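**Q** Before I ask anything, let me first share the structure, which is written out below as structure tokens.
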Amino acid sequence: MVNPDLTSPYTRVWIPDPDEVWRSAELTKDYKEGEKSLQLKLEDETGVFERGVILGMLPFLPQDVEMWAEVSSDSQFHLQLLLQLEIREYPVDAQNNQLPFLRNPDILVGENDLTALSYLHEPAVLHNLKVRFLESNHIYTYCGIVLVAINPYEQLPIYGQDVIYAYSGQNMGDMDPHIFAVAEEAYKQMA
């Protein structure tokens, strides 16, 4: 039986990618059980994106990018990219009914507890950890009572005496995930 969430256009999914492991895509056409492929567009290949002021070197650009530069009133160059809409066919394994994983709603991206995600699978977990680490600089994330840590390979100012005092006496879910929250909870459970 096909997941009913995967049968309509604009459904957001994860597809395997040899370079990025998982890529976000969106269905462009209804999927009906028995079809051999899904029609998808990759989410990072549509629309107009402003890359900001050009300050020397241009960032890496995909080969299929159409671009132009315009001069604003303050004489700074702005680079805008118009990426061509590219519809891709994603093969479906009919025997195993292997369909792509569904994406979580945007409101859940960056959650501090992975168990709060609507869909808990490999691409959702990896994406959530990536967002928390790269965009929010949080190295800790809960998965229920388990603390997941990403090694930042640098010293962080998150282990000082003031942080210890902040977590002292707090319940585990009251503050952002941290090793001190787990230690405080363990200490309470011993008493």
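Just so you know, glycine gets a Cβ as well, placed from its N, Cα and C.
According to TrEMBL, the protein carries these features:
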{"type": "DOMAIN", "residues": "8-59", "note": "domain 'Myosin N-terminal SH3-like'"}
{"type": "DOMAIN", "residues": "109-191", "note": "domain 'Myosin motor'"}
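Help me see these features in their spatial surroundings.
**A** Taking DSSP states H, G and I as helix and E and B as strand, the domain 'Myosin motor' (109-191) has 36 helix, 9 strand, 38 coil.
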**Q** So what's the average pLDDT for the domain 'Myosin N-terminal SH3-like' (8-59)?
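**A** Residues in the domain 'Myosin N-terminal SH3-like' (8-59) carry a mean pLDDT of 72 in this prediction.
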